[in-house]
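Under the heading transmembrane segment, TrEMBL lists 33-57, 77-109, 148-170, 176-197, 218-243.
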């Protein structure tokens with residue numbers, strides 16, 4: 001990699017983080033609009049918190065069970081492997097949790113998030129062309145299909161991260177870092193569904209193709225939002241701002257088409 005390539009890569013990463021921060025800053029300018037976007041997240045988080053609570057409560061037992069399954073005898077090594085396995089499960093489950101939360105919340109709060117995306121475009125100067133029309137039923141059906149696909153991908157990704165997390169010493173940290181980057185990319189693809197649909201890009205594969213042209217920017221944006229989602233109440237409060245940021249990301253990538 002040349003110095004110019006490294007500089008370009010760094011600029012793309014910084015641009016992705018700035019886009020995520022710009023979306024979060026919208027809370028200061030449009031608190032009422034973004035406040036409406038919190039409601040779907042509260043509903044989804046209430047249901048998911050039960051499942052996550054059960055997982056956290058049994059995390060030690062799960063780690064111990066994995067250590068037994070790996071054939072580790074009792075004693076110091078068993079305890080070390082149990083902790084490592086528990087950390088790996090936690091890192092892997094974070095990807096599924098974030099992906100599932102985003103998919104469900106976008107589906108439940110579709111009208112709110114479409115309004116947020118539309119408002120962001122209006123403030124930023126509007127669309128370049130006429131807004132694409134898509135019926136509510138068609139949009140909902142597409143969202144459900146994409147949500148199911150996102151969940152399937154996140155499960156496969158989490159299984160791979162679980163195996164990475166079982167590597168002694170560095171596994172858990174590596175799994176968490178990879179989860180943030182890869183899970184963030186998956187999150188960015190999901191969050192940009194509304195803004196790209198309004199630009200006439202309905203198929204997920206077409207959206208992925210457009211975003212792949214700015215892979216580092218998209219990953220940096222998604223990883224930033226992913227990490228914010230892991231904070232206490234972060235997912236609920238940041239979800240509407242994440243949609244706003246995703247709209248800005250779509251604008252940036254559209255301008256570079």
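Backbone N, Cα and C define each Cβ position, glycine as well.
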Listed stretch, out of 77-109, 176-197, 218-243, that has the most CB pairs under 8 angstroms to the transmembrane segment (148-170): 77-109
Close approaches to the transmembrane segment (176-197) from elsewhere in its chain (Cβ under 8 angstroms; 6 or more beyond its ends): 91-92, 94-95, 98-99, 102-103, 106, 113-114, 117, 120-121, 132, 134, 139, 142-143, 146-147, 150, 153-154, 157-158, 161, 164, 204, 207-208, 210-211, 215, 218-227, 229, 242-243, 245-247, 249-251
